[in-house]
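As written in Swiss-Prot, here are the features:
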type	residues	note
DISULFID	CYS91-CYS188	disulfide bond
DISULFID	CYS231-CYS281	disulfide bond
DISULFID	CYS240-CYS264	disulfide bond
DISULFID	CYS256-CYS277	disulfide bond
DISULFID	CYS287-CYS337	disulfide bond
DISULFID	CYS296-CYS320	disulfide bond
DISULFID	CYS312-CYS333	disulfide bond
DOMAIN	231-281	domain 'BPTI/Kunitz inhibitor 1'
DOMAIN	287-337	domain 'BPTI/Kunitz inhibitor 2'
CARBOHYD	ASN115	N-linked glycosylation site
CARBOHYD	SER215	O-linked glycosylation site
CARBOHYD	ASN223	N-linked glycosylation site
CARBOHYD	ASN250	N-linked glycosylation site
SIGNAL	1-19	signal peptide
SITE	LEU241, GLY242	site 'Inhibitory (P1) (chymotrypsin, elastase)'
SITE	ARG297, SER298	site 'Inhibitory (P1) (trypsin)'
Amino acid sequence: MRSLSGLLLLLTACLAVNASSVPTLPDDIQVQENFDLSRIYGKWFNVAVGSTCPWLKRFKEKMTMSTVVLIAGPTSKEISVTNTHRRKGVCESISGTYEKTSADGKFLYHKAKWNITMESYVVHTNYDEYAIFLTKKLSRRHGPTITVKLYGREPQLRESLLEEFREVALGVGIPEDAIFTMPDRGECVPGEQDPVPTPLSRARRAVLTQEEEGSGAGQPVTNFSKKADSCQLDYSQGPCLGLFKRYFYNGTSMACETFLYGGCMGNGNNFLSEKECLQTCRTVEACNLPIVQGPCRSYIQLWAFDAVKGKCVRFSYGGCKGNGNKFYSEKECKEYCGIPGEADEELLRFSN
């Protein structure tokens, strides 16, 4: 469920946002199929967030992972929400209630002070591992806001779940640079204060650049020199907190695979596209790999080397989980796999 105090703080700041800066709120939000309310109860860690609210990007460096506990509410029509988080160096806990609706997986929160009703939807969950919540708010005066949050039963989640969350957020119009993970500083006890930094740590912080600190505010860094020399490195997410989709070359599978880049530092095995990755890192050994369409259904017409026929052939690439035997033109395929051109073939016939 939405982090209650974090949600209210976010939406308060967003009241000053003009409606023209955010997308139209979707009307056809699909909740988790066969939603089971009793299984969503318990403690969740707020692992990642994305929002159309510009305030979020300005203050995301101050946000850390919080916990949310959901239990049955004081009435059969409500659920209770308790959020525990750090705010201004002090751990605090705030409780509230959400109203059930006739649609399973959809809840309402009404703030009389602002005369705003927020709608929250459980769009994806497997109950035991993760849950993705989408909240939309419409202010008649200031327009719509969409916020998506990823929760986990544990502070760390599989990268495939982070990718699923990212796709959900992008799908409702949230910009890529407004989607990020929450730094995990551990759970806190309400009332306790964060330790005061020592003079030594203050001095060290003063000389660090924003990228070295890993604030999450840095821009993607991909201008490494001699990127081909980095192809055998393991991928590096870097210390920042963004969720930027990138490609890295896997020397074992001889394929370019996706990973989520934090937005700063990392290494040179980091590419914006599969094409750039393959054309930088692929070797001639790729010509001996099988032709793999992959499970996705984009049906992109590419070229591959057919080792049985001994020539380059067209094939339909699904768009994901292929291998290095994938070329973007017939010429490229022939150059990699040693197929002679027409002039070369004529020369060979003449010399024989």
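Positions of Cβ are set from backbone N, Cα and C atoms, glycine also.
Keep in mind it's a predicted model, so treat the numbers as computed, not measured.
Shown here: features listed in Swiss-Prot, placed on the structure.
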residue : record                                          : Cβ within 10 Å
CYS91   : disulfide bond                                  : 17
ASN115  : N-linked glycosylation site                     : 10
CYS231  : disulfide bond                                  : 19
CYS240  : disulfide bond                                  : 26
LEU241  : site 'Inhibitory (P1) (chymotrypsin, elastase)' : 23
CYS277  : disulfide bond                                  : 25
CYS296  : disulfide bond                                  : 13
CYS312  : disulfide bond                                  : 22
CYS333  : disulfide bond                                  : 23
CYS337  : disulfide bond                                  : 21
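For the domain 'BPTI/Kunitz inhibitor 2' (287-337), the DSSP counts in helix, strand and coil order read 10 helix, 15 strand, 26 coil. The residues of the domain 'BPTI/Kunitz inhibitor 1' (231-281), classed with DSSP into helix (H, G, I), strand (E, B) and coil, number 8 helix, 16 strand, 27 coil. Cα separation, CYS287 (disulfide bond) to CYS296 (disulfide bond), rounded: 22 Å. Listed in sequence order, GLY318, GLY319 are the same-chain residues at least 6 apart in sequence whose CB falls under 8 Å from the CB of ARG297 (site 'Inhibitory (P1) (trypsin)').
Annotation for the disulfide-bonded residues CYS256, CYS320: lowest Cβ count within 10 Å of the residue's own Cβ, CYS320. Between the CA atoms of LEU241 (site 'Inhibitory (P1) (chymotrypsin, elastase)') and CYS256 (disulfide bond) there is a gap of 23 Å, rounded to the nearest whole number. CYS277 (disulfide bond) is 19 Å away from SER298 (site 'Inhibitory (P1) (trypsin)') when you measure Cα to Cα. Mean model confidence for the domain 'BPTI/Kunitz inhibitor 1' (231-281) is a pLDDT of 90.
When the Cα of CYS188 (disulfide bond) is compared against those of the recorded positions ASN115, CYS264, CYS281, CYS296, CYS337, the shortest separation belongs to CYS264.
Using a 10 Å Cα-Cα cut-off around CYS281 (disulfide bond), the recorded positions ASN115, ASN250, CYS264, CYS312 reduce to ASN250. Looking only at the recorded positions CYS91, CYS240, ASN250, CYS256, the one with its C-alpha closest to CYS333 (disulfide bond) is CYS256. CYS287 (disulfide bond) counts 20 other C-beta atoms within 10 Å of its own C-beta, drawing on all protein chains shown.
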